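Copied from Swiss-Prot, the annotated features are:
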- Cys26-Cys115: disulfide bond (DISULFID)
- Tyr27, Gly29, Gly31, Asp48: Ca(2+) binding site (BINDING)
- Cys28-Cys44: disulfide bond (DISULFID)
- Cys43-Cys95: disulfide bond (DISULFID)
- His47: active site (ACT_SITE)
- Cys49-Cys122: disulfide bond (DISULFID)
- Cys50-Cys88: disulfide bond (DISULFID)
- Cys57-Cys81: disulfide bond (DISULFID)
- Cys75-Cys86: disulfide bond (DISULFID)
- Asp89: active site (ACT_SITE)
Amino acid sequence: SLLQFNKMIKFETRKNAIPFYAFYGCYCGWGGQGRPKDATDRCCIVHDCCYGKLAKCNTKWDFYRYSLRSGYFQCGKGTWCEQQICECDRVAAECLRRSLSTYRYGYMIYPDSRCREPSETC
């Protein structure tokens, strides 16, 4: 669920997802278009593509089980959808952590009107 994804992001990056990632670049937050602006934005398009493969799942609201072991998230047992959603979120949160050094505050609230290049495909 988005609530759980927010918790993963906060743990991995020490940043609250809403102000720091909800409107970042061309792909973080709802939807996306154009080319990713940087590594952080690329994490978001990969997450969008991951969710896109789960069209039959309720990706935004389906709760899943996960735990934290030795500083890493581990997805738990559940339905196929729950496990896949958890993996999408886990991989994206870890990607955002790896991208922290290139995070640009100028992309934090980025207007969609600046995302007009041809969109990348999954």
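Each Cβ is built from the backbone N, Cα and C atoms, and glycine gets one as well.
Where Swiss-Prot records a feature, it is marked here on the structure.
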residue	record	DSSP class
Tyr27	Ca(2+) binding site	coil
Cys44	disulfide bond	helix
Cys49	disulfide bond	helix
Cys57	disulfide bond	coil
Cys81	disulfide bond	helix
Cys86	disulfide bond	helix
Cys115	disulfide bond	coil
Whole-number Å value for how far Gly31 (Ca(2+) binding site) lies from Cys49 (disulfide bond) (Cα to Cα): 10
Give the distance between the Cα atoms of Cys28 (disulfide bond) and His47 (active site), rounded to the nearest whole Å. 9
For Cys95 (disulfide bond), what is the secondary structure by DSSP, using just helix, strand and coil? helix
Mind checking which of Asp48, Asp89 has the fewest other CB atoms within 10 A of its CB? They're the recorded positions. Asp48
Could you give the Cα-Cα distance between His47 (active site) and Cys81 (disulfide bond), in whole Å? 15
